[in-house]
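What follows is one structure encoded as structure tokens, with my remarks underneath.
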Amino acid sequence: MERTCLAVILAAGDSTRMKSSKSKVLHPVAGRPMIAHVVEAVASAGISSVALVVGRDAGEVAKAASIDGVGIEAYLQQQRLGTGHAVLAAREAIAKGYDDILVTYGDVPLQTNGPLKAARQGLAEGSDVVVIGFHTDRPTGYGRLLVKDGELIAIREEKDASDAERAVTWCNSGLMAINGRKALDLLSRIGNANAKGEFYLTDLVEIARSLGGRVTAVDAPEIEMTGCNNRAELAVIERFWQERRRREMMLAGVTMIAPETVFLSYDTVIGQDALIEPNVVFGPGAVIDSGAVIHAFSHIEGAHVSEGATVGPFARLRPGADLAMGSKVGNFCEVKNGRIGVGAKVNHLTYIGDAVVGAGSNIGAGTITCNYDGVNKSETVIGENAFIGSNSSLVAPVTIGDGAYIASGSVITVDVPADALALGRARQEIKPGRATLLRQRALAIKAAKKAEA
């Protein structure tokens, strides 16, 4: 029978070191609040029940933590009296009788499911408490994990450690798993007879051992256990998240010419054999199919780029942009809520908004779909194999038929039938010699102003 598990995520801190008007767990990593990354890691470890301990910005934190497939109940910690006290804020959830209780933190967004699963496996093998630790060459400031005969005998804080204990490089991450059937009893035994008068979760190690229980530790990569307390640490976490995800994508068959200059979001999807040139930013909701090419300095969010399509350089795809196979959106173009058909070309200096561009159509440089009248947005529909001349303005709502031609510089306000030629501009006039007169007049005005000065 599969073991049941409750994850208790501690997210009630005051976030004072973040110097922010909002809780630190709401700050984004890869376009997503860091608390959501933690819930995702918990879910990927097979845990579908979460007790979220909140304090500051409780409603916003609970909302940010919500992801599909995970049941979350929020519990308010009224006072900040230590980690042991924080876990007991979720007493009601713990009392429901889970096999495993996993305690983690909302400001550790790089954690993955491996150490979480390992901690649960330790419980399944008979431990009452399993602490997740990490090895580091910079152990100063961390509690050391002291192990004897395969069991964790203590977590020694640095100020209390001997010289030999300070030499230990296996450190406490703060994350741990607890036997769910004994959790409330163990937690209720934590005292606050210390300098700060707080209840420390780490005391569970000695409490469980004093009751004859087995306590063990499992290892996690140091970077996965990195917590976030300020903006500098947030930047470090973002960098490592990006490096890890880029590597995963490249190993899956995505080419990144200068990966350190490519920035991904938490949900970016890029298919095999896609090519990503330098200095590309993917906002949330970007899907790039196999074989697509994203040229340098492009920004893509909420958009889909099909196989064989080309974007950029210096292009922007906004939410709702959908490029069909073999289509092209070139330099200094922006597409928002626009569908670009198979083989269609939007090559330069163009805005396509709330529009459909049919297969094989060509949109000339400087074309604008005028989709907004200051109050409402309207749609432009361009048929297949149409040709839109440069510097044209298509004032929505308007439809351009299949195979139609729009003369350069036109302002189109009326539907154009299929295979028709439309011109919407003033007729050109030529007046011989008039340029000389205009020039002489301008020079005379300039001379008069100079004389007055």
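Placed from the backbone N, Cα and C atoms, the Cβ positions cover glycine too.
Listed in Swiss-Prot for this protein:
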- 1-231: region 'Pyrophosphorylase' (REGION)
- 10-13, K24, Q77, 82-83, 105-107, G143, E157, N172, N229, R318, K336, Y351, N362: UDP-N-acetyl-alpha-D-glucosamine binding site (BINDING)
- D107, N229: Mg(2+) binding site (BINDING)
- 232-252: region 'Linker' (REGION)
- 253-453: region 'N-acetyltransferase' (REGION)
- H348: active site, proton acceptor (ACT_SITE)
- A365, N371, Y372, S390, S408, R425: acetyl-CoA binding site (BINDING)
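Most Cβ neighbours within 10 Å, among the binding-site residues D107, E157: D107 holds that distinction in the structure as shown. Within 10 Å of D107 (Mg(2+) binding site), counting CA to CA, the recorded positions L10, E157, H348, A365, Y372, S408 contribute L10.
Per Cα geometry, N362 is the residue among the binding-site residues N229, R318, N362 nearest to S408 (acetyl-CoA binding site). Secondary structure of the region 'Linker' (232-252), assigned with DSSP and counted as helix (H, G, I), strand (E, B) and coil, comes to 20 helix, 0 strand, 1 coil. Taking the C-alpha positions, the distance from N362 (UDP-N-acetyl-alpha-D-glucosamine binding site) to Y372 (acetyl-CoA binding site) comes to 23 Å.
Note: the CA-CA distance between Y372 (acetyl-CoA binding site) and R318 (UDP-N-acetyl-alpha-D-glucosamine binding site) rounds to 16 Å. In the three-state DSSP reading, N229 (Mg(2+) binding site) counts as coil. Taking N229, A365, N371, R425 as the binding-site residues under consideration, the smallest Cα distance to E157 (UDP-N-acetyl-alpha-D-glucosamine binding site) is found for N229.
Within 10 Å of the C-beta of L10 (UDP-N-acetyl-alpha-D-glucosamine binding site) there are 27 other C-beta atoms, taking all protein chains into account. With G106 (UDP-N-acetyl-alpha-D-glucosamine binding site) as the anchor, the candidate recorded positions are H348, N371, S390, R425, and the one with the nearest CA is N371.
Counted over all residue pairs in A365, N371, Y372, S390, S408, R425, the record's binders of acetyl-CoA, the longest Cα to Cα distance measures 22 angstrom.
When the recorded positions R318, H348, R425 are compared by the number of other C-beta atoms lying within 10 angstroms of their own C-beta, R425 comes out lowest. In the three-state DSSP scheme, G106 (UDP-N-acetyl-alpha-D-glucosamine binding site) is classed as coil. For the pair R318 (UDP-N-acetyl-alpha-D-glucosamine binding site) and R425 (acetyl-CoA binding site), the Cα-Cα distance reads 31 Å. The average pLDDT computed over the region 'Pyrophosphorylase' (1-231) stands at 95.
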